[in-house]
Structure formats: structure tokens, C-alpha cells
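Beneath this line is the structure, given in C-alpha cells, with notes to follow.
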Amino acid sequence: MTDQKASNELRVAIAGLGSIGTKIATALDQGIEGLALSAVAVRDPAKHQAFLNGLHRTPKVLPIDQLGEAADIVVECAPSSQLRAIVEPAVRRGRSAVVVSVGGLLDNFDLVDLARAKGGRILVPTGALIGLDAVNAAAVGTIHSVKMVTRKPIDGLKGAPFIVENNIDIDNLREPLKLFEGSAREAAKGFPANVNVAVALSLAGIGPDRTQIHVWADPTVTRNVHRIEVEADSARFSMGIENIPSENPKTGLITALSVIALLRKQRATLCVGT
Ligand SMILES: NC(=O)C1=CN([C@@H]2O[C@H](COP(=O)(O)OP(=O)(O)OC[C@H]3O[C@@H](n4cnc5c(N)ncnc54)[C@H](O)[C@@H]3O)[C@@H](O)[C@H]2O)C=CC1
Ligand SMILES: O=C([O-])CC(=O)C(=O)O
């Protein structure tokens, strides 16, 4: 595959071949209307060689900051610490960046201005959440409040900075423990691999400072559970989702599917939902 477009296919590059990235790469390789996988960036190429060799069309392996040279859409599926290195060069070239580590956007919000200035775009999928279409619509009017409660099994929370810094022992919990209550912005700092969903919700609605979230460590659940209450001048709605964890226990299986659904919409003739 060359850097040149062979057709009017949109070229897609993926940064990070972990739980989310490999599923998106596989879906692109199996065929998404009008899209082709052109490149990937990985931390350890040897580890991913067998996977890449198994694809019908082998993408280029590039450094993360070069993906925008080989793609129209760069999909960020790496830890949030890498977000800037992936998204900045892409939007600087006027490309679209799909961001899953959306919590990382809050400390890098200038990337939105950069994208605007350069004709790029930043696309945040609904990810492991639900109903951002309704939140977007309600935000056209006035949203009074957005409240979210997240419950995760212990394995899905281990190592979160908030837990480590506060020396909280969650390993021996026998009943649910509320770890955190506050804004989506503060939650993203304490739980960067756990509450991307709250940040996506906040960006769709009333922002990271007014969106409230409670985070529970819950040994009685086996799924990542998110419940949301929205109070707006147009509607009141409650939403809930119980995500089956992927091979990465922090990440719900539906996250990759949400990105694939977003990619499908880029060239689909029939698009349903906003
Ligand atoms: N928006 C949402 O709803 C959700 C977002 N997420 C976020 O999505 C991101 C990815 O999640 P997973 O795929 O589950 O993580 P993962 O840990 O399974 O995969 C991340 C991959 O990135 C790779 N990586 C790390 N540094 C890299 C670098 N410099 N260059 C290239 N690759 C690099 C790692 O080797 C790993 O393969 C995380 O930030 C996670 O918090 C997770 C769940 C829901
Ligand atoms: O997968 C989930 O349920 C949510 C998640 O990890 C996140 O928002 O980062």
C-alpha cells in the first residue's frame, strides 16, 4: 500500500493495537464501505507481527506522529498519555482524528482550535456509553443537570491514580465502596482509564465541570455499569448500560464496536442516529 490514494477510499490509520485497536483493524480488514486500513502505529512491532501478517491487506507500520501522512482518518486507541502525539500531527495536516482516550482531551483542548484552524476534525464516539445523540439534542436547548454513576468490578479499577494516591485497598472489598464524587474533569484525572465515558458525556452536554459523576468499586458486579440522569428543558431521561469487559478489564467490549459504527457512517449511504 502506498501513501497515494488508489481510489476515493478513505484511508484509516490506527494508533495502538490493544483491546480496541485490534478489533477496529480486523473490521476494516474485513471490509467497511469506502474505507481501507492504511497504517498502524504500535509500541512493540514484533508483538503484533503475527496479527498484521494475518490481515488480507497488510498496513504500513509507522511511528505514531506519522499516521496523518498515510491516512485521512487517524483512530487513537492508545493510552491517554499518547493522545497529543497522535492527534496533533493528524489535525495539523487537516485530517480527522477519532479519539477514544477522550479524558486526555481535557488537558489538550487546544487541539480543537488547531483542528479548526487547519481544517481537521476531532470525532468522539459514544464509546462505552449510550445516548449521546439525546444529550447532543438536549444541549441544543438547555440542560439543567447531568449526573452519572459508574460501578466497576475490582479488576477494572486496579491501578487508577486516585486509588493509588489515596492508598485505598480495594482488593479485599466485600461490598460496594464509593471511591469518588465530583466533576467529570476531576474524575478523568483520578481514573484516566475508567471514565472516558463521563468526559464524552460532558462534551456532548454541559461540559466537564458541571457534569457530576460518582465512581464505585463494586465486588458484586461483573460488568462495567454506567447509569445517567439528564434533566433538560426539553426532556428528562435516564440511561443505563452494563458493559461486558473485554480482555482489558477496564474496557467494555462495546467500545470498539462504537468506533466501528462511527467509521461505517463515514461513507454509508444510509445513516441512522446522530
Ligand atoms: N471512550 C470510551 O468509551 C472508552 C475509552 N477507553 C480508552 O481507550 C484507550 C484504549 O483502550 P484499550 O484498547 O482497552 O487499551 P489497551 O491497553 O488494550 O491498548 C492500548 C495499546 O496502545 C499501545 N501503545 C501504548 N503506547 C503506544 C505508543 N506510543 N505507540 C503505539 N501504541 C502504543 C499499547 O501497547 C496497547 O497495545 C484507553 O485510553 C482507554 O482508557 C476505554 C474504554 C472506553
Ligand atoms: O468500558 C467502560 O465501561 C468505560 C471505560 O472504561 C472508560 O470510560 O474509560
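Here the Cβ of each residue, glycine as well, is placed from N, Cα and C on the backbone.
Pulled from TrEMBL:
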- 16-125: domain 'Aspartate/homoserine dehydrogenase NAD-binding' (DOMAIN)
- A128, N196: NAD(+) binding site (BINDING)
- 174-260: domain 'Aspartate dehydrogenase' (DOMAIN)
- H226: active site (ACT_SITE)
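This view paints the features noted in TrEMBL onto the structure.
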residue	record	DSSP (3 states)
A128	NAD(+) binding site	coil
N196	NAD(+) binding site	helix
H226	active site	strand
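Distance between Cα atoms for A128 (NAD(+) binding site) and the residue listed as 'active site': 9 Å, as a whole number. Close to ligand 1, meaning a Cβ under 6 Å from one of its atoms, are these of the recorded positions A128, N196, H226: A128, N196. Taking H, G and I as helix, E and B as strand and the rest as coil, DSSP gives the domain 'Aspartate dehydrogenase' (174-260) the counts 23 helix, 32 strand, 32 coil. For the pair N196 (NAD(+) binding site) and H226 (active site), the Cα-Cα distance reads 12 Å. Other C-beta atoms found within 10 angstroms of the C-beta of N196 (NAD(+) binding site) number 27, with every protein chain shown included.
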